[in-house]
Amino acid sequence: MSPPNISPGRTGAAVVLLGAALSLVGTTWDIQWHVDVGPDTFFTLPHLLLYSGSAVSGIASLVIVIAATAATRAGRTVGPEAGGRPVRVFGTFSAPLGFLVSGVGSASFLIFGLVDLWWHSIYGFDAVLDSPPHIALFTSISITMVGAVVICGSARATRWGRTGLLISLPILMLYSPITTNAFNALRLPFDAASAGMVLFVVMLLVLGRATLARTGAATAFAAVLGAMQLALWWFAPWAARTYADAVGLPLRDDVGGRPPQVPASIPMFLLAGAVLIDLAVWLGARNHWSARWVPQVAGAVSGLLIAATFMLQELLISTRPAPVAGQFVVETLIGGAFGAFAGFLGWRFAGVLRGEQPPAAAPVLRIQEAY
Amino acid sequence: MRKALFSLLTAGILILLTGSPALAYQPVNIVHTEHVQAGPYGITVGFSVWPLRAMQSLDFTFVPDEGIVGKSGTLLRSGPAIRGRNRAAPLVRHPRRLDVWGLDVESLNAPGTYTFTFTVAGAKGTGKGSLTGLTVLAQPGPPMGLSWAICAIPSAAMIIFLVLTWRRVHPSRNLLPLAMT
């Protein structure tokens, strides 16, 4: 009888992805809880969701690393379907690259969770988003999400790999504004957090387009992200209010009229920016233009549009006052410059992701055969 | 064994769902008060930590002599860490002490002298008064540079990882073509 058609790479990817989704939902819920309700303990439901996200991803990563190590020791080759190129760790383990990254992110979350407890013992139970330990925790979660992208991107030859990438990349994009909050501490003469957000979303759209190597891929990523943004826009205030009702706490007196914080910090017009990237790459391919500059141009026009429409969005939903004309032009141009750099990085990081795992060259063996 | 585990898990979930986490929230313990006269209204300003230190979060309570019922008002804060927030915010109930106005887990992020100005409206008309000379000492803990350096380790590790993989593959030398199948 043939074994069931399930590879640990696929199961592991699904569990890491579930962990990443739990982290995103938990963070969004927790931030909304602080905005709408307030009182906090270590064991609130949004906190438990947050912790379980990293725990789920971390345990799945560890299990796959141990399974891949056992497979390698048994003399079998672990292929890219198992989550990326195997990397030797401590001379003993053979860790598929994607699971190594997601596991390191989870371990880092655990360590900086302790640093965060120490921080609260000095500074009180503050609820500021951009304290150093909080930024370290958000970066750790982002590293786990990068791991999920590497796992799925390495298996892009399979349907589950492509589907996983269509989910993991938008999750990472949705999470990026939470982390780029830290750029506000730099006190630059422009909105550094928004510029950082443009850099990450454009880079990941270009990376997704080049990794999947399909016409319209960037648009597909943006469409999935839009659906997630819409779902969180509804979920965050609903969850905060329902949980407050359940534990008998009232909403803050000054709640009302403000959009949910995390979903509102994602560009609503990203789809248009993604269409521009797809269009530029399609035109470039059709006219045999050079890949040395087309991704940068694609990124620049997308960055210009996203930066300009993001200011419009903030004005529409009243999260910041209307920019004066000069500031509008400067921030749009900064978005274009960051977009160009993002295009450069995104196309080349896709090269790294694809180059690490040439699917045709690497011998593929599902590690289930080691069991 | 399986039955015992199931019972334990069920009990755990039930405790989580039915226990009242509200009871576990830290009470607002006022350790120092100041008095402000805002026209006809006396206001007691309470602090859960004293003296104040930069970046250390605490609970503030603002209690009019005859309670908050039938009154409304605004609070305008000014001082070294209050930048671009020169609009008065409405006085709202403290989320963990609903009988008084307040601010929960708020910090003043730079040392120096601060002023809290209250405008209160009620049956006796409108009154305005300020708490001046509110001193905030230097921040506790290690210097921020050191805290940021430690907490930048995950970002630095990510950047090092990306540089190493970049150098391994040389994506600019082996650039992906625009037209791929």
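Any Cβ shown, glycine's included, is placed from N, Cα and C.
The structure displayed is predicted, hence computed values, not measured ones.
Among the features that TrEMBL reports, transmembrane segment is placed at A:12-29 (among others). Same-chain residues lying 6+ beyond the ends of the transmembrane segment (A:12-29) with a Cβ under 8 Å from its Cβ atoms: 45-61, 63-64, 82-83, 98-99, 102, 106, 138, 141, 144-145, 147-148, 151-152, 155, 160-161, 164, 167-168, 171-172, 174-175, 178, 232, 235-236, 239-240, 243, 260, 262-263.
The feature transmembrane segment is assigned by TrEMBL to A:49-72 (among others). Away from its own ends, the transmembrane segment (A:49-72) comes close to residues 8-9, 12, 15-16, 18-27, 29-30, 78, 82-83, 86, 89, 92-96, 99-100, 102-103, 105-107, 109-110, 113, 140-141, 144, 147-148, 365, 367, 369-371 of its chain (Cβ-Cβ under 8 Å, at least six residues beyond either end).
Sequence annotations record features per position, and here TrEMBL assigns transmembrane segment to A:93-115 (among others). Only residues 6 or more beyond the boundaries of the transmembrane segment (A:93-115), in the same chain, are considered here, and those with a CB under 8 A from a CB of the stretch are 9, 12-13, 16, 19, 51, 54-55, 57-58, 60-62, 64-66, 68-69, 71-73, 78, 82-87, 133, 136-137, 139-154, 356.
The transmembrane segment feature in TrEMBL is assigned to A:135-153 (among others). Sequence-distant contacts of the transmembrane segment (A:135-153), counting only residues of its own chain at least 6 positions beyond either end whose CB sits under 8 Å from a CB of the stretch, comprise 9, 12-13, 16-17, 19-20, 23, 27, 53-54, 57-58, 61, 83-84, 96-106, 108-109, 112-113, 115-116, 160-165, 167-169, 171-172, 175-176, 178-179, 181-182, 211, 353-354.
Listed as Cβ neighbours of the transmembrane segment (A:165-186) (distance under 8 Å, sequence separation of 6 or more from its ends, same chain) are residues 17, 20-21, 23-24, 27, 31, 129-130, 135, 138-139, 141-142, 145-146, 148-149, 151-153, 156, 192-193, 195-197, 200-201, 204-205, 207-208, 211-212, 220-222, 224-225, 228-229, 232, 262, 265-266. The transmembrane segment annotation in TrEMBL covers A:165-186 (among others).
The list of residues near the transmembrane segment (A:192-210) in space but at least 6 beyond its ends in sequence, with Cβ under 8 angstroms from a Cβ of it, reads 165, 169, 172-173, 176-177, 180-181, 183-184, 186, 217-218, 221-222, 265-267, 270, 273-274, 277-278, 281, 295, 298-299, 302-303, 306-307, 310-311, 331, 334-335, 338-339, 341-343, 345-347, 349-351, 353-354. Look at TrEMBL and you will find A:192-210 (among others) tagged as transmembrane segment.
Annotation comment: TrEMBL describes A:217-236 (among others) as transmembrane segment.
The transmembrane segment annotation in TrEMBL covers A:266-285 (among others).
If you look up TrEMBL, you'll see A:297-316 (among others) marked as transmembrane segment. Below 8 angstroms of C-beta separation, residues 194-195, 197-199, 201-203, 205-206, 264, 267-270, 272-274, 276-277, 280-281, 284, 322-323, 328, 331-344, 346 of the same chain, each at least six residues beyond the ends of the transmembrane segment (A:297-316), sit close to that stretch.
Feature annotation from TrEMBL assigns transmembrane segment to A:328-347 (among others).
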